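Straight from TrEMBL, the features:
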TRANSMEM  63-83  transmembrane segment
DOMAIN    63-461  domain 'Major facilitator superfamily (MFS) profile'
TRANSMEM  103-125  transmembrane segment
TRANSMEM  132-150  transmembrane segment
TRANSMEM  156-177  transmembrane segment
TRANSMEM  189-210  transmembrane segment
TRANSMEM  222-242  transmembrane segment
TRANSMEM  280-303  transmembrane segment
TRANSMEM  315-333  transmembrane segment
TRANSMEM  345-364  transmembrane segment
TRANSMEM  370-387  transmembrane segment
TRANSMEM  408-428  transmembrane segment
TRANSMEM  434-456  transmembrane segment
Amino acid sequence: MENIQLQDLRGLGSSTGHTLEDLPVVNSKDNIIGMQSVRAHTSEHDDSSQEEEPEYPEGGFRAYLVLLGSFLGLTANFGLVNSSGAIQTYLATHQLSESSASTIAWIFSIYLALAFGGTIFVGPYFDTRGSLSPMVGGTLLVFVGLMAAANSTKVWHFILSLSLCVGVGNAMCISPLVGVISHWFHRQIGFAIGLSSMGGSVGGMVIPIMLRSLYQKVGYAWAIRSLAFMCLGLSLISTFLIKERFTKSVSNDDYDSKRHKFVGVSKKLFNLNSLTDSKFIFLVLGVLLGEMGILCATTYYGTYAIAQGVSESESYILFTLYSAAGVLGRLCLSFISDRLGHFNVMLIMILSTSLSMLAVWLPFGSHHAILYVFIILLGFFSASIFSTTPACLRQITPVRDFGSKYGLMYFLVSCGNLVGIPLGSAIISDSSKFHYNMFALFCGLVSFASSFFWIFSRYKSVGFRLNVKI
């Protein structure tokens, strides 16, 4: 299988796109065996001066410390994201039992929108200033937000504490935690990101079990406070361990007035040049629809299971199995994606997710055993999707632009999250069997639709060739 490196890193630092020409074709052992000319389907042009391609450690003591720091930080931050369904299930049956499902849905749709959408501001800052400031600020916001959520009793309390405070805090941490991996690994970027993002699955596995036990022993308030202290400790350790290698230099001469500075920062935050790159746009649409289907399914799977006769306590076991399967999925598929190609593996996982929703969950979801089978399948496939997405973006993005493009991508994806979760709640409606079936169908079709955009993004990169590692 051919291996094509899509991004000409010798043009790093440019805010414009790169024409992909005369790139080496490499075999699985990374030996150059020829030259392949691949022209990117984009209207952007590279006007910047050429720079030498940076070198990557691909390992070593410092690189593995960064990897460990990213793992611990994502255990706290992505762990909260992966546990949102477990928290939603508890709130819907306790503190907010008198509120409608559609009202409660706004708490978590705003939370997810801010947790991912806020990266549009943090990504460019990380590219230019590094990880320290956003990590410290984000860690404090998550801690304060969870402490406030522990004392919340009304919907607007949770919107302020959980949605706004914790959501913004997660956004400030996620960009540097994910982006810093691309500073230390290149050839094995998929495997490295898979290992670090495995922390999200570990957090999603531990947090529901921890909360389930603490709810019964010390009550809701101290359960959430314990969660806050756990996240604080993990994030502080992570802050000291991660360290960036590249930053974009910003000359003061370029910003000789406040107006120029405002224009410069605005262009960096909202890089419209990226929106003219068809590969990037199709990738964003694929991520948006794929994650909308998965996040809708996981957010309401607990209440779905309870409607099928599962106890509230048993519903937490389902979320634990989801995250446990995710650990295996992130580890196995990230390793394989470095050898088969990140886009190729992504397409397989997206189609597998859609098939499991439409062929397993939809027709057989009312059976007790199938609830366990499906959540394990979903955990394995969806974790692979989440961990492979940054590697796919990195493959079409220069390392010094990764933070800003990652932020822009998830800003657009967050718009889907803001709409998707309330839409899922509206489809569920009165929680009847028919409406829950329609909800499962909605998740499956949205996930399946995302595969077309991944195919389009792949086509814009290498055409219709199937034997290309990309």
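Glycine residues also receive a Cβ, built from the backbone N, Cα and C atoms like all the rest.
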Item to check | the transmembrane segment (222-242) and the transmembrane segment (156-177) contact flag, 3+ Cβ pairs under 8 angstroms | outcome: yes
Next on the checklist: Cβ under 8 Å, sequence separation of at least 6 from the ends of the transmembrane segment (103-125): give me the contacting residues as numbers and ranges.
Outcome noted: 77, 81, 84, 88, 91-92, 96, 133-134, 138, 155, 158-159, 162-164, 166-168, 170-172, 174-176, 179, 265, 268-270, 295, 299, 402-408, 410-411, 413-415, 417-422, 424-425
Item to check | Top partner of the transmembrane segment (345-364) among 63-83, 189-210, 315-333, 370-387, 408-428 - counted as Cβ pairs under 8 Å | outcome: 370-387
Checklist entry - Which one, 280-303, 315-333, 370-387, 408-428, 434-456, has the most C-beta pairs under 8 Å toward the transmembrane segment (63-83)? => result 315-333
Next on the checklist: Given a Cβ distance threshold of under 8 angstroms, which distant residues of the chain, six or more beyond its ends, lie next to the transmembrane segment (434-456)?
Outcome noted: 278, 282-283, 285-290, 292-294, 296-297, 300, 304, 307, 343, 346-347, 350-351, 353-354, 357-358, 361-362, 365, 420, 423-424, 427-428
Checklist entry - How about the transmembrane segment (280-303) and the transmembrane segment (189-210): do they have 3 or more C-beta pairs under 8 A, pairs 6 or more apart in sequence? => result no
Checklist entry - Other than its close neighbours in sequence, what residues sit by the transmembrane segment (315-333), given a CB gap under 8 Å and a spacing of at least six beyond its ends? => result 82-83, 85-86, 89, 194-195, 197-198, 200-206, 208-209, 211-212, 298, 301-302, 305-306, 345, 349, 371-372, 375-384, 386-388
Next on the checklist: Could you tell me the mean pLDDT the prediction assigns to the domain 'Major facilitator superfamily (MFS) profile' (63-461)?
Outcome noted: 88
